[in-house]
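The annotation domain 'Glycerol-3-phosphate dehydrogenase NAD-dependent N-terminal' is assigned in TrEMBL to 3-161. Residues annotated as NAD(+) binding site in TrEMBL: Gly8, Ala9, Gly10, Ser11, Trp12, Gly13, Ala141, Arg256. Under the heading NADPH binding site, TrEMBL lists Ser11, Trp12, His32, Arg33, Tyr49, Lys106, Ala141, Arg256, Val280, Glu282. Look at TrEMBL and you will find Lys106, Arg256, Asn257 tagged as substrate binding site. The annotation sn-glycerol 3-phosphate binding site is assigned in TrEMBL to Lys106, Gly137, Ser139, Lys192, Asp245, Ser255, Arg256, Asn257. Per TrEMBL, the feature domain 'Glycerol-3-phosphate dehydrogenase NAD-dependent C-terminal' maps to 181-321. Look at TrEMBL and you will find Lys192 tagged as active site, proton acceptor.
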Amino acid sequence: MEKVCVLGAGSWGTALAMVLAENGHDTLVWTHRANQAEEINHLHTNKKYLPETVLPANLHATSDIAMAATHAETIVVAVPTKAIREVCEKLTAKLARKVLFVHVSKGIEPDSLKRISEILAESLPAENVEEIVVLSGPSHAEEVVLHHPTTVTAACANIDAAEKVQDLFMNQFFRVYTNDDVIGVEIGGALKNVIALAAGITDGLNYGDNAKAALITRGLAEITRLGVKMGGNPFTFSGLTGMGDLIVTCTSVHSRNWRAGNMLGQGMKLQEVLDQMGMVVEGVRTTKAAYQLAEKYGVAMPISTELYSVLFNDVEPKVAVDALMMRMKKREIDDMKH
Ligand SMILES: NC(=O)C1=CN([C@@H]2O[C@H](COP(=O)(O)OP(=O)(O)OC[C@H]3O[C@@H](n4cnc5c(N)ncnc54)[C@H](OP(=O)(O)O)[C@@H]3O)[C@@H](O)[C@H]2O)C=CC1
Ligand SMILES: O=C(CO)COP(=O)(O)O
């Protein structure tokens, strides 16, 4: 039994805390809202994010960052990408030991173009960081809490650290693989949200399954092109954190990115959609980062580029799809290389 703290009591932080608690670990989830900690501790629920779920009695919550920082040898960072720097700042003042950090967030920071492990490495005191492991894969929180079979990957260049995280989370419902390709895993997990927004848009336009398959396939091609250029292992992108997560996010009503895209495709404006979602839609900020990365690395990313025009330049979704369909003709496989 280990002591683990999960930062963030949203859908994913709560679901993973449940996995850890059910695995017998001494699990504390930190939330920045005291009333949410009270609900979890007294009612064993988190109605805002997982309304149907009864949480394990041995899952405890706190809104005290000092308690969160000192509770455990392992800290799981489960807040949206946008919040990571702020949460690290609060944490840093209270850290008192070396900690194994696991991040489960999926995004890339616009402008800095940093991956989450890079943000953590520069935001946390080196003397308090044993390792940073990424946990990612096709894993909707709503299905994890129902014990539906789920597979994810723990990634770290230090495979011993990845295996430690594998052992913390693995059980008969939650199967964890390891991978030493942090870049590939983080790029895949972040960029699949961009393609999922696009897939929601084509569904919102009632363009059907052929269009969805085209987006998933060509989306994986552009994610792989960029990911390999950034140093990822090409095989990672055909794995759980690439193709696997792309499929589960583009084809599921559980996906906030797909749902947001679906509303955009039906004609709603972005701000209206985000106001209505009530949960993070990581793909919006990541689309901006993807657009900037395509420019920086000189990599063709047509789906991300057209989605950027829809989200930030008021281009109509139908016009963006037409632009994708009418691009210069290409040889399929050669196009995968650059
Ligand atoms: N949901 C899922 O199925 C999965 C999600 N992920 C990833 O996990 C990450 C977290 O997403 P998820 O839990 O789904 O998001 P949710 O929107 O469900 O929850 C986000 C949580 O973060 C909290 N939060 C937001 N801003 C801050 C802040 N500045 N300081 C402290 N807490 C903050 C929210 O608090 P508040 O309620 O007050 O807003 C909320 O508790 C994302 O990167 C996502 O891509 C990965 C795999 C699966
Ligand atoms: O990452 C996820 C599933 O693997 C959750 O996707 P959404 O953020 O689109 O809900």
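Heads up, the Cβ atoms here are built off N, Cα and C, so glycines get one too.
Within the group of binding-site residues (Ser255, Asn257), the Cβ with the highest number of other Cβ atoms inside 10 Å belongs to Asn257. With Asp245 (sn-glycerol 3-phosphate binding site) as the anchor, the candidate binding-site residues are Gly10, Ser11, His32, Asn257, and the one with the nearest CA is Asn257.
Taken in sequence order, the binding-site residues Gly10, Ala141, Arg256, Val280 that lie near ligand 1, meaning a CB under 6 Å from one of its atoms, are Gly10, Ala141, Val280.
Contact annotation for binding-site residues (Gly8, Gly10, His32, Ala141, Lys192) versus ligand 2: none, no CB falling under 6 Å from a ligand atom. Of the listed binding-site residues His32, Lys106, Lys192, Arg256, the Cβ environment within 10 Å is emptiest of other Cβ atoms at His32. Long-range Cβ neighbours of Gly13 (NAD(+) binding site) (same chain, at least 6 residues apart, Cβ-Cβ under 8 Å): Val6, Leu7, Val29, Val76, Ala78, Val79, Val104. Within the same chain, residues at least 6 positions away in sequence whose Cβ sits under 8 Å from that of Val280 (NADPH binding site) are Gly10, Pro80, Lys82, Arg256. Each residue contributes its Cα atom, and for Lys106 (substrate binding site) and Gly8 (NAD(+) binding site) those atoms are 14 Å apart.
Between the binding-site residues Trp12, Tyr49, Trp12 has the most other Cβ atoms inside 10 Å of its own Cβ, all protein chains included.
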